[in-house]
Amino acid sequence: MSLLTDLVNLNLSETTDKIIAEYIWVGGSGMDMRSKARTLPGPVSDPSELPKWNYDGSSTGQAPGEDSEVILYPQAIFKDPFRRGNNILVMCDAYTPAGEPIPTNKRHAAAKVFSHPDVVAEVPWYGIEQEYTLLQKDVKWPVGWPIGGFPGPQGPYYCSVGADKSFGRDIVDAHYKACLYAGITISGINGEVMPGQWEFQVGPAVGISAGDEIWVARYILERITEVAGVVVSFDPKPIPGDWNGAGAHCNYSTKSMREDGGYEIIKKAIDKLGMRHKEHIAAYGEGNERRLTGHHETADINTFLWGVANRGASIRVGRDTEKEGKGYFEDRRPASNMDPYIVTSMIAETTILWKP
């Protein structure tokens with residue numbers, strides 16, 4: 001008699017050319033991820049080969065009940081680390097039957113920015129540092145923390161090892177390998193300052209692909225925590241008080257910044273970001289005011305500061321970039337629950353297209 005795990009791990013390629021495609025999209029809250037699967041006749045390598053699909057938008061907060069059909073447009077394909085074989089994960093965005101992007105479709109506007117000839121010419125690179133907190137499922141309290149109590153103060157936990165300091169490493173490592181398998185440009189992981197909090201980095205990724213990859217990496221993390229019976233939180237300040245918040249620092253460069261003389265281009269770009277500080281903050285994630293306090297490695301939400309190697313600044317420039325006169329900078333303002341399509345395209349739009 002087969003066990004459930006035997007059936008889940010069946011290798012379909014032994015008996016059929018058919019594959020399973022898991023269509024993924026962002027739900028009505030702007031942070032909830034939804035997905036459903038369909039059978040396709042054979043392997044697929046490009047999103048243009050995939051059929052559009054639909055779903056009930058009234059059940060995701062994205063359409064009224066009397067006109068509930070929302071259409072999924074496949075946009076990016078990744079290998080499926082759960083089903084493996086030729087099976088795929090498909091990142092989609094959502095449209096009305098008439099072909100208009102629905103309000104929660106932030107990819108459509110981002111794709112317009114990234115397809116602008118001036119942006120294409122600059123080949124914008126992104127490296128996103130996605131922080132998150134692992135919570136015990138029934139009490140919504142960080143893993144490794146005593147129920148109703150607190151661990152010792154911050155200090156021993158950042159990049160730590162040991163059962164009394166590092167909590168959830170099996171989930172983190174499973175996620176790391178699953179993302180590599182899927183074809184996401186995940187470039188590293190580390191334990192964070194608050195116990196139970198971790199970070200993964202995606203990049204360098206070019207243009208719209210940075211948003212696609214962060215969303216699919218989040219989806220894979222949600223699936224893994226589902227299996228582990230743990231809840232992942234992207235709240236920017238999950239625990240009030242003297243504990244670090246969670247961000248999604250965005251490292252950024254353009255072709256001009258990466259070439260000789262690029263440091264002057266970087267400084268001009270930072271000046272432009274400073275001029276639009278309020279607009280960026282408004283788009284950088286819900287609840288960010290609880291995180292950007294001027295403490296715990298942040299700048300105050302109402303203040304725009306930049307500096308070299310300053311982790312208390314809004315924008316940090318690395319020592320190597322200053323020394324070499326070219327490179328990249330880090331926007332430290334985005335919250336962990338930011339929409340990567342909004343943040344990446346807004347940075348490109350402000351630094352490349354916007355004329356003060």
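Even glycines carry a Cβ here, placed using N, Cα and C.
Please treat TrEMBL annotations as automatic predictions, because they have not gone through curation.
Keep in mind that this is a model prediction, so the values were computed, not measured.
Taken from TrEMBL as is:
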type	residues	note
DOMAIN	19-99	domain 'GS beta-grasp'
DOMAIN	106-356	domain 'GS catalytic'
REGION	36-65	region 'Disordered'
**Asked** When the region 'Disordered' (36-65) is classified with DSSP, how many of its residues are helical, how many are strand and how many are coil?
**Response** 7 helix, 9 strand, 14 coil
**Request:** Averaged across the domain 'GS catalytic' (106-356), what pLDDT does the model get? Just tell me the whole number, please.
**Result:** 97
